[in-house]
Amino acid sequence: MRILYLLFSLLFLALQVSPGLSSPRRDMLFCKGGSCHFGGCPSHLIKVGSCFGFRSCCKWPWNA
């Protein structure tokens with residue numbers, strides 16, 4: 001029965017980190033004016049930091 005609690009807590013943690021369920025406002029707070037992208041940045045943007053989870057904070061080169 002204790003392992004069931006552990007599985008539910010891990011599932012809850014995984015759902016919080018997933019990109020579709022996180023708050024866009026919280027991501028923008030971490031990014032500070034850039035845009036958050038899952039994984040790496042597109043080729044025309046540069047990485048300036050990280051957003052919540054596995055996202056990269058990307059900005060235009062002339063705004064960085």
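Here the Cβ of each residue, glycine as well, is placed from N, Cα and C on the backbone.
Pulled from Swiss-Prot, these are the features on record:
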type	residues	note
DISULFID	C31-C57	disulfide bond
DISULFID	C36-C51	disulfide bond
DISULFID	C41-C58	disulfide bond
SIGNAL	1-22	signal peptide
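DSSP classifies C51 (disulfide bond) as coil under the three-state reduction.
Cβ-based neighbour count (10 Å, all protein chains) for C36 (disulfide bond) stands at 22.
DSSP assigns C31 (disulfide bond) to a helix. Taken residue by residue with DSSP, C58 (disulfide bond) is part of a strand.
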